[in-house]
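S.K.: Residues annotated as transmembrane segment in TrEMBL: A:20-41, A:53-71, A:91-115, A:127-145, A:185-205, A:217-239, A:329-352, A:364-385, A:414-437.
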Amino acid sequence: MDTLMLSRMQFASTTIFHFFFVPVTIGLSFIIAIMETMYVRSGNEEYKRMAKFWGKLFLVNFAIGVVTGILQEFQFGMNWSDYSRFVGDVFGAPLAVEALLAFFLESTFIGIWIFGWDKVSKKIHLLSIWFVAIGTTLSAFWILAANSFMQHPVGYTINNGRAEMNDFLSLITNGQVLVEFPHTVLGAFATGAFLIIGVSAIKLLRKQDVSFFQKSFKIAAIVGIISSIGVAFAGHWQAQYLVKTQPMKMAASEGLWGKSGDPAPWTVVANIDPENMVSTHELKIPYALSFLSYSKFSGEVKGMNELQAEYEQKYGPGNYIPPVRTTFWSFRIMIAAGMAMIFITLWAVYLMWRKKFDQPNTRFMRICLSGLLLPPIANTAGWLMTEFGRQPWTVFGLMTTEQSISPNITAGQVLFSLITFNGIYAALFIVLIYLFVKVIKKGPYAIDEDSHSTDPYNKKEGHHALT
Amino acid sequence: MLSLNELWFVLIAVLFVGFFFLEGFDFGVGMQSQMLPKDERQRRVMINSIGPFWDANEVWLITGAGAMFAAFPEWYATLFSGFYVPFVFALFGLILRGVAFEYRGKAQSAGWRTTWDLSILIGSFLPPFLLAIVFASFIKGLPIDGDMQMHAAFFGDIVNVYTVLAGIAVVLMCNIHGLLFTALRTFGELQERARKRARALLLPTGVVLLAFVIMTYFQTDIFDVRGALLWAIVVLGVVAFVLAGYFCKRKRDGWAFGMTGAVLGLSVISVFVGLFPRVMVSSLGEAYNLTITNAASGHYSLKVMTIVALTMLPFVLGYQIWSYFIFHKRLSDKETLEY
């Protein structure tokens, strides 16, 4: 395999692995902040326990998110140096701002949150988890602003053979980021909520700490229903924006070779044959693609063949059709997982509303276990569609993936790093599962022999360090 | 008045000074936590002493790299692709170490602890060692061609006597810096051991540093380019180093810690002073040097970044200093250990 293919594999594996943890970080920090707010406002110790218990899972997850994030930042220069040279003037800025505005905030205040339970006042402690939550969300905004430039470049001019920023404001109010940010962050909130729903379901099925996990479940279910419905709406805006800015991705995600016809039907499943450029055995819902694309029940969507011809005229000869099968199926997998999430939270809220939630309901709780898998599936599939669907471009219309690669690295080097990093990811994943199981088994009321001193009543404090 | 290109060169220097001063001590504590303590309790105290800080300290590196990307994309691109293999190892270390701190205390078995202890040791050694190699190669010169592409051999161009000496010097300095931090944040036996070890390391470290300065004089052009200023920095460095020893002996841990931090900071500054206005020296010819002009982003981008950075930096410094204030007390024997 060549350097390009290996580098793409490394980028994909790193990004997918990183993005298992990032949404959990964003979503859980937000929900933990809500729980701690409830504790500070009510004084009820149970909410403090909640913040601490879910905080443990949060921290196990957070550590991997942080360390894989460093790799994310370095790999643009390491594997994609020609890309970095071409876009650095525009793309580097949001990355630097992300570090300055978001990473410092979250890393400093997570330290205060972990180590400050007995060192700062309740309110300062609460403030620090809110700062962590805000920091993670800000971080999402800036990295998505950078990604949005790759999907839909704005605020730049081409000068000396590279993209140079000429309008920062339009870079951060890029229509793409305005739809991508809410979709991603609401997805992250849902991910955090579903982690709590899933873990609570495990404990409730075993009838352990029932009151604690029922309360946790309810908080998560409310966050979950708002965010998972919100994700769908934001996704709908995103699709409308997609038809305008990256019609090829839209056509590929529909397996649409020719014209859609007017009104356009949405394909549920199809057998896609990219070699012969046809899709067969299609099952279609009439009007649905028109609605998805234009919010009305009419309107035609362009197919890949027509777009290919247009692009050839505009960008010169070449193949501008992305991997159709991956784009098509990842889109559907994302939607299916998202629908299942809405269904589960609707059910949960219905039970809460009818005051039936506190009665044992084994069937429902078993279904809730699937909540542990649905968000990561939806998140991953969504990004696969977004990034595969943009191919062959890294920056749409400006630079292809092939042109982006570092010319001075060898396939051997990339193979070495690919094996090294993926080895670490595999090991870390196993460790993470082990620790999750351990924390969950122990439950929220286990005496914490790991972290407490033998004499918890001894409040003797140290002397000032500088005297 | 500084031009924006100059300002960003200075800002990146500041970020790396901050990084080596701050993460320098937690690298040192990381390595020493595997060599200094007599028992498990002491080891945990050492790891916990950097608990609230190490993550934010590491962000100085991430911001430094981000600032390079934004302000000098050619520098960022040449550097990270050119040093591909060293960065794989450095990242390997940074990944291991980050999770090790967080996970080590989360299970009890001996095998578990040993695994993470080893990770802390490797993870605290590799990054400062390799970053020192990278910085030393900046001034020594690297095979960078007319397209700003660096084609360096791992052994020879990147790893050679001069750069490895820089790596050893920085690792030793981090160890002393970390030991003094331990002295600053602990009590009793551990504190005494840390002071003693720091004193013992001073002399060999001084010798390595001196050897590095002498080699720099012969191997690089930086003393020809900025002689007077660099000699002044060397003198300041020697003074700070001697004072570190003096304060260490007088058990003024805070002052001694400040001085070892100053030595690390001055080392970074000397590299940047020697480089200016270059950012990477090409060994293939002066025309191929990367400079703050030919590697930089456009004026508009630098201007926007300047406004953002100068607005944000006071807040960042403010709350980071505040977090050090919150955890300024020594860790008592009865401390709740989160890690």
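Glycine is treated like the rest: Cβ placed from N, Cα and C.
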S.K.: Taking the transmembrane segment (A:53-71) as the reference, which of A:127-145, A:185-205, A:364-385 gives the largest number of Cβ pairs under 8 angstroms?
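M.R.: By the under-8 Å Cβ criterion, the transmembrane segment (A:53-71) pairs most with A:185-205.
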S.K.: The transmembrane segment (A:185-205): which same-chain residues, six or more beyond its ends, come within Cβ distance under 8 Å?
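M.R.: Residues 22-31, 54, 57, 137, 140-141, 212-214, 216-217, 219-221, 223-224, 226-228, 230-231, 234, 341, 344-345, 348, 362, 365-366, 368-372, 374-376, 378-379, 382, 440, 443.
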S.K.: With pairs closer than 6 in sequence left out, are the transmembrane segment (A:217-239) and the transmembrane segment (A:20-41) joined by 3 or more CB pairs under 8 Å?
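M.R.: Per Cβ check, the transmembrane segment (A:20-41) touches the transmembrane segment (A:217-239).
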S.K.: Residues of the same chain, at least six outside the transmembrane segment (A:217-239), with any C-beta under 8 angstroms of its C-beta?
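M.R.: Sequence-distant neighbours of the transmembrane segment (A:217-239): 27, 30-31, 34-35, 50, 179-180, 182-183, 186-187, 189-190, 192-194, 196-197, 200-201, 204, 250, 292-293, 295, 338, 341-342, 344-346, 348-349, 352, 357.
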